[in-house]
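Student: Handing you this structure, nothing more for now.
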Amino acid sequence: MILNYIRSSPNLTVFLLVVFGALSKVFMKFQTIPMYNYPQTVNLVINIRNVILTTIVILLNRVKEYMQIRRENIANEHSGEQTNILEYMRSTMRWASNKDIILIGFLDAFTLIMLVFANTYLPGNLVVLLSQVIIPVSLIIDRILKKQHGHDNRKYIGAILIVLGLTVTIASIGAGADKECVAVVNIDENCSFCEDFSDEMSCEKTRDQETGDSLCEWKKDSDTYNGQQHWSFAMVIIGFSTYASTYYKAKFITRTALGDPEQSIAFESPVYFFGWISRWQLVFAVMFTPMFRWVHEPEIDFVDVPSNVGDGFQCLFGTNSIEDTCNPDECGHGALTYINLFLLFNLVYNILVYTVIEVPGSDDVIWFAMTIIIPICNITYNIPGIPDERVPSASNIVSLLLVVGGAVLYRKSEYWDSVFKGLRSRNDNSEISTTDPLLGVSGHDITTVGTLAHCEATRRESISMCVTGF
């Protein structure tokens, strides 16, 4: 009943998507702050959560379906119309090991672990902006593959603005940063020692008693800023994997829902679909855990991967394991709280997206909400006292304006024409549609429930929101 009410109220839908979408993105960063040394653990926790929740919902649905079929069989006992319960249950499982499901699980596992590492090593406001790389990436791929023709020129202008904004973002990393006392010898052992010096003279006087070499140097922390630039470019790779994942999801849903009515029975609830994906995603997440030790900062040895993951689970409950390094554990600072809040907000956000995704015009709701989320998240990181607080800079403001402006032009450029046309119609006292225009952005009637996959391109763009929302 609640979900039906949300479907029928466009303004409420936008509000909830903005609130929980922004909270999901912000707490994605917050959870990595106390878990800085354990990104693999964070990734595994998210995947385990997905499997547990989808399994519970699927089991509850199975019980409900079983009881309903039994009642129907009893009612139709004399007519001879009986439904084979086991055959029905098998029909909902026929795609569990489908090669497309496995491929989507692989792509989602790769995308998620990359996003966890990016959120760990990048400032939160940069992650929000850089996640918009999916827009020019999708436009380029569609253009190369010639899957969509006749793009509005404003879509290209919007993509160009986003690229310019992201270029400003990456180029400004480390620009204007103050010099500090940085360890140059035995970095892990001396970084805390060097950080205690706040002026150049005292910093440069530090010497190794045996060799006489300088332990510290007064300079910019170039290693940190170089790492941030590398992860900024890695967000482009995430954009490609996100596109591939959402493309195959949309293609699979469209093919099964429209191709064979008997096969679409498995998609009465999208939980089945994403439940199967989450299982394969967890399998690949476990496989990726030792592989991604090379991108861990600092790199960890293969034999230390299990202990690192184990220490990460201990960190969730406030136990510090890594000390006397450049990034000692701070597990007591809300590690379990942040990760539980992220899991909650992300779950609600995904439910909202897949609740309204079946509604014609829902792509307008989702993309309009997503555009608003960008500045809201950036403003959040400027609030004093907030975790990962950032001081707003001119480059950040310029890049934010470029990215938001590009997103508005790209996502629904054609709808601005309908908005202006509607305003002119009002001035001319013309007949106006009685449908709720979704805050003036969309003229579609969101209250009309449609098929699960009415348009492959629209479905792909809408589904991508759940992936980039991690």
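Cβ atoms are placed via backbone N, Cα and C, with glycine included.
No curator has checked TrEMBL annotations; they are predicted automatically.
These numbers come from a predicted model, not from an experiment.
Annotated transmembrane segment per TrEMBL: 44-61, 101-120, 126-145, 157-177, 231-250, 338-357, 364-381, 393-410, in sequence order.
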Student: Run the contact check on the transmembrane segment (126-145) against the transmembrane segment (393-410): 3 or more C-beta pairs under 8 Å, excluding pairs closer than 6 in sequence.
Tutor: yes
Student: Which listed stretch (44-61, 231-250, 338-357, 364-381, 393-410) has the most C-beta pairs under 8 A with the transmembrane segment (101-120)?
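Tutor: Counting Cβ pairs under 8 Å, the winner is 231-250.
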Student: May I ask which of the stretches 231-250, 338-357, 364-381, 393-410 has the most CB pairs under 8 A with the transmembrane segment (44-61)?
Tutor: 338-357
